Amino acid sequence: MRRVILTTGGTGGHIFPALAVAEEIRARYPECSVLFMGGLYGPEADLAARAGLDFVGLPVRGVLGRGVRAIGAAFGMAAGIARAYAVMGRFDPDIVLGFGGYAAFAGVLAARLRGRPAAIHEQNSVPGVTNRVLSRVVPRVFLSLPDTLGAFPPQKTCLAGNPVRASIVACGAERSDPRPDHVRRLLVMGGSLGARAINDAVVSSLPALAEAGVEVWHQTGAADWERIRKAYAETGHGEGRVEAFIDDVASAYAWADLVLCRAGATSVAELAVAGKPAVLVPYPFATHDHQTHNARWLVSRGAAVLLEQKDISMTDVPALLVGLLSDRARLNRMAVSARAQGRPDAAAAVVDGLVELLKTTPRAR
């Protein structure tokens, strides 16, 4: 491969698998140019820059469920497709891979209009609208979970797993010495954009967590960082580490005994590869409730506990968290179950699939 475009955007759940594949491509093909094509309004430009990738932004926004604003979004999509089409002509990619999200719709469709080979990757247990539509025009659909095998034409699908960054794969491969029984560490993450319901539940739990000697590393999201930081200071929880965004998530996973987080597909895949027990709080307004389906994949295998957001106010969250953190045997069983579901080779499997696709797919000039 000489030139590859990876296209997606919106949330880390789409973006981080693309970055994992970029890592794998650059490790195998150091001379290959990888271009990241994403939306102008999400975190993808910053994340691509941190990963050392060239970035092209498209003026696209979500259309689904936006009412009258969908008209403006449709114009943005048309402009995004036009820009992506122009970029395809200049960059001349060998292949284009989309990871869902509206930027991927523009990028992959433009690739097909240019006659370039293209494929898509679906992270969730319930396929997104973008990938359901694009599956009609691409020859290969990479899947993360067996639950989605029936959602796409079987002759196009490849069950590859959800690509996870190499640093997290390394974290899952390490076997650290057991911590002393009195050391309990809780990692709280609300996804790349944060989660107010999770933030509030943890703040309410701080007195009980402090009494139990629980250390907390809390990713709040940028919008909630100042408020939650002040709450930690007011409660006197000296063991709290509060950040808007965790750059080195592999170190955070390695540090943690238990993770409290949303159930985005990439979070679930990372938990499995890292072998981390979790309490999962699915985002209840996700399209087609896909986060609940993602969560149940780990919960049904004994690797996680499901806490629905609507039940938080009726749940003794401090007792749940302290109880799990105090039960080393259960945490160890959950960790083993999580690791058994992990696909540390997913990025390699996707790149293998791209190489094979290039061998069999004609390219228009």
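From the backbone N, Cα and C atoms, a Cβ is placed for every residue, glycine too.
The structure displayed is predicted, hence computed values, not measured ones.
Per Swiss-Prot, these features apply:
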| type | residues | note |
| --- | --- | --- |
| BINDING | Thr11, Gly12, Gly13, Asn124, Arg165, Ser192, Ile246, Gln291 | UDP-N-acetyl-alpha-D-glucosamine binding site |
Cβ neighbour count (within 10 Å, all chains shown) around Gly12 (UDP-N-acetyl-alpha-D-glucosamine binding site):
21
Select the most exposed residue of Thr11, Asn124, Gln291, where exposure means the fewest other Cβ atoms within 10 Å, treating these as the binding-site residues.
Thr11
State the count of C-beta atoms found within 10 angstroms of the C-beta of Arg165 (UDP-N-acetyl-alpha-D-glucosamine binding site), not counting that atom itself.
23
So which one is it: of the binding-site residues Gly13, Ile246, which has the fewest other Cβ atoms within 10 Å?
Ile246
Which of the three DSSP-derived classes (helix, strand, coil) applies to Gly13 (UDP-N-acetyl-alpha-D-glucosamine binding site)?
helix
